[in-house]
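Notes to accompany the following structure.
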């Protein structure tokens, strides 16, 4: 046996040496190690892993958790395709790793199309996974009777779609949202808003669409003035500029975007004072960390004039002391919402996974996915599976794929192991379309890419079709579930079924027992 092991190690060393020599031209970013790889060479290793999975599945099948969920926490990785999750495993160190939510016992796939579009945007999909109804592309919180940009159809209350946040509030639960986008952006707006155009985040945007900003209420106003938004105990993310007038600068000296003279942040503060509740507004990480949670029943945190930074940029740009991370915001939100014993619904979005993909900056997308996994992990550790349902999903996919037969130990953000038929290298990650086209082609054909280019977090990955912004993908997205009635989320189903299953788990809303739909 000792001689056999020695021969295995010798062969592995020879293979690594040959590979390192063959691919030396790809530079220092290439790693050729077999650390902890030897057990995978044996049949016993894989059989033992299979046995562990079988034991786990038997327990799950025999003992599903079927008591009502006290708390519901929904995590959304915006644009987090299955390819994105797969790439993140390698980004974390190896393809065999699991991001935290992949360890959840139940998994399904949701179909993301809109009523009028094969490929969804973050607006119609938010209506689906938060309201249980599919709508038209670009619309939020309304059914498909409302065409995008229709100034009048969106005003018809009969076309409005209730969100699971409203169901939770009606059942006496506390509610909140956390996002790394503007809090008025498409995904978080699905929690509380009803609009024919996702871009109507402030009154100026309504006017640009030749609609009345007096008749049509912008999304920022809906957040602070309308019932569901007013009752949110926690609101954290970016987007200060949508709350203040163009004549007023925010805490960072950036002018607002409103035309109507309103200061909606001050409105929120005064509204909470009139209700005689303990409320706090914070605009940076220091303010968040200095909060006395005993004196905080309502929390508004707006940490940027627009979107919050990419997670990796917090450290690279030396702003991690100024802007909280997604996991930090999530932890504070959970502490505020769990102060009472009446249960809560929390929506948490990692928005910039999507935005990095649009720019074909794959490395940044994977960084934000890893941070989302961290937020999910700390949440699962804070709350018991016996009373807290956690769902992790995405609104839509993207066009990024993994290709090129890379060696197991190659950095997935780098170059493929072999050159293409034109004798030029190509990246393991690439996009069907997007701004990365300019890094892919010139007038003579494909460009040569140096390995050190891919180390730059702002490197734009190869794309086949030239577009200023890479598009979404139309493939199904994953749904990971843990907690009461998590077994409901297995299989393939419409995206709009997700809130129905969450509501049934907590016995709230349209799909609670005795409500008519469920006997």
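The backbone N, Cα and C atoms fix where each Cβ goes, glycine too.
What TrEMBL lists as signal peptide is 1-20.
Per TrEMBL, Zn(2+) 2 binding site is recorded for 78, 354, 358, 395, 396, 472. Residue density at residue 354 (Zn(2+) 2 binding site): 29 other Cβ atoms are found within 10 A of its Cβ, drawing on all protein chains shown.
Sequence annotations record features per position, and here TrEMBL assigns Mg(2+) binding site to 78, 185, 187. Listed in sequence order, the residues of the same chain lying 6 or more apart from residue 78 (Zn(2+) 2 binding site) and placing their CB within less than 8 Å of its CB are 122, 181, 187, 349, 350, 351, 352, 353, 354, 355, 394, 395.
Per TrEMBL, active site, phosphoserine intermediate is recorded for 122.
What TrEMBL records for 349 is Zn(2+) 1 binding site. A 10 Å cutoff on Cβ-Cβ distances gives residue 349 (Zn(2+) 1 binding site) a total of 30 other Cβ atoms nearby, all chains included.
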Worksheet item: Can you list the residues of the same chain, besides 78, 354, 358, 395, 396, 472, whose Cβ falls within 8 Å of the Zn(2+) 2 site's Cβ centroid?
Response: 79, 121, 122, 353, 357, 394, 397, 398
Worksheet, complete the sentence: Top of the binding-site residues 358, 396, 472 by count of other CB atoms within 10 A is 396
Worksheet item: Listed binding-site residues are 358, 396, 472; which of them have CA atoms within 10 A of the CA of residue 185 (Mg(2+) binding site)?
Response: none
